């Protein structure tokens, strides 16, 4: 019997920093499924096992949803408490945030709902002073010290325990989902450290969000649970289906937008997204959102901090400022991407990259010193967005709602007419303008440091600040000039015409779209945030405009730009290849290069093959009839050759260095005294993908993209000429785009 009829350990697995073979994984899964189906007819026990196998996918989705929702709830609660810890502490229970502390107090009045005796600022606690210069300076210093402590703890934990826990994680997850292997990126340590450090960095007040990293956290959960089921742990293609659904669950809990999460996974992250994955993503996103809703981290029965409802319709004339906000979003997206990539490249290529802890400390210090004096940068970014989105009702105490009221006004609470702006609104306007400039500059330097850092929230904050200022401007224009032709039809005196909060929401969508180039999923996420179906058209107008404007300056969004910067082997489906080159121009070996390393079907010894493996670093070898005919038989993977020889030496008697290796059905004719031959037909891929030497590269690129190939053999009339790998395709595309082909670094 051939010892390879029994599967041996590790066969079919891949090395770190290698690409998976999608076709092979798919055929292996089909074989496994066929085996289970045929066995299920043999006995009741086998039938039950086949049912369990069929349901394992849904069980994994349930577990991912439960864990992702729980982690998101814990992160939200911890961030809430630690953000408030920078300003003061609750005397009745130190683990209460400011809001929780004042809820439980019986001495809180509605007017002074932020002030209660149980909550003490650091100046009151340490020197018993709440007003005056000394109290302000002490609070200022405590704010900076807490921010530095949180940031230092975060960067130290990442450096020591899980270097992969830094960044947003979305560029790497896109690469992993396209079939690349990065071992440890979705490991248990990464999950633990990313969850803890995410709380620390968001609480430190740095200009970053938790939404992108939550996708990474959810994918770590997906990887953990898929390793418990052999159906997913032994098949990299199936594992990626689980990870696609986990990404949807991550966005679902980040924004409280389950449908937006599914669309985000489909539009932005996934490479291979069959219909089955769509349903499972939907289920995982639903369970995750339900779990988060059960935890209720914000105490308002909503899944996010900045949920809003508007009561005023929008008018056609307002489309012009909405489109202007779209243009602003596209310009900001382009500016941010270019500046951030330039800074990250500098970090990679200069000595700056050798001091990650120092960099985080310096940026945190600058952020804390500049942020504290301005109330809009001092508060957490989520709270800032919440305030900017808010409609000014009768009960609002925000500076943004400091309008001059008409004393004779008798109107229902939620339909307050447009009013002239008061002193508070003008103060808020210049504070917002300063906050906007600060956010734009500091986010460029913050994103990409060696700490978990999301980009959704800072981008939305930039857009929301710009949008709110535009909204107030339009509102005041409509109030003071309601007889102008554009306002005359829809804005009568005493009517509530313009909602500045809606402009903030449209601006947030435009800026997020400009940076990430999302469109459909972005609009759905924003409408799930607000629960307002009638505002879909303004959101769509802004999202499409921002994408057009940003695409005019360059097709890459921030995630694609970071993938290219890091040299990951990612073949983007959105890229077009329009050059008229042929397979023969790209294949190896080129003219003047040594001939292709091949195996023959029945004339090489074990020692010959081991020497070939030692002297080369190729991932596999074509198998031909003989060196003279060069007629192609199949393709053997390097890793499987090594494992097969190692196992044969251990388990099969008579295998020595000069044993003949053969890939045919029947052993070759050998002299009587020759050692036992080794049959390796089982590990041979008998149907490798081949193209002819005159195939246009446009077709080859398409094949690599759509079938997820690792390599493709080039033949002419059945004779092997050369090989094209995914690396060769990417290098050729870089060369054609006048980029450095060696920027595809891989390791």
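Glycine is treated like the rest: Cβ placed from N, Cα and C.
Annotated transmembrane segment per TrEMBL: 55-79 (among others), in sequence order.
The transmembrane segment annotation in TrEMBL covers 140-162 (among others).
Remote same-chain residues near the transmembrane segment (214-230) are listed as 56, 59-60, 63-64, 67-68, 71-72, 75, 168-170, 172-173, 176, 186-188, 190-191, 194-195, 198, 238-239, 242-243, 245-247, 249-251, 253-254, 269, 288, 452, 454 (criterion: CB distance under 8 Å, separation of at least six residues from the stretch ends). Residues or ranges marked as transmembrane segment by TrEMBL: 214-230 (among others).
Positions annotated as transmembrane segment by TrEMBL: 242-266 (among others).
What TrEMBL records for 315-335 (among others) is transmembrane segment.
Annotation comment: TrEMBL describes 355-372 (among others) as transmembrane segment. Here the transmembrane segment (355-372) has Cβ contacts under 8 Å with residues 140, 143-144, 147-148, 151-152, 154-156, 159, 204-207, 347, 378, 438, 442, 445-446, 449-451 of the same chain, all six or more residues outside its ends.
Sequence-distant neighbours of the transmembrane segment (428-448) (same chain, 6+ residues past either end, Cβ-Cβ under 8 Å): 167-168, 206-208, 332, 335-336, 339-340, 343-344, 347, 363, 366-367, 370-371, 374-377, 384, 398-400, 402, 455, 458-459, 461-462, 465-466, 468-469, 472, 558, 562. The feature transmembrane segment is assigned by TrEMBL to 428-448 (among others).
What TrEMBL lists as transmembrane segment is 455-474 (among others).
Residues or ranges marked as transmembrane segment by TrEMBL: 502-527 (among others).
Residues annotated as domain 'CBS' in TrEMBL: 587-653 (among others). Within the domain 'CBS' (587-653), the DSSP-based counts of helix, strand and coil residues read 24 helix, 17 strand, 26 coil.
Summarising the annotation, TrEMBL assigns domain 'CBS' to 684-742 (among others). Helix, strand and coil counts under DSSP for the domain 'CBS' (684-742) come to 24 helix, 19 strand, 16 coil.
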Arithmetic mean of per-residue pLDDT over the domain 'CBS' (684-742):
89
Folded-back contacts onto the transmembrane segment (140-162), same chain, C-beta under 8 angstroms, at least six residues removed:
82, 85-87, 122, 187, 189-190, 192-194, 196-197, 200-201, 203-206, 356-357, 360-361, 364-365, 367-369, 372, 378, 449-452
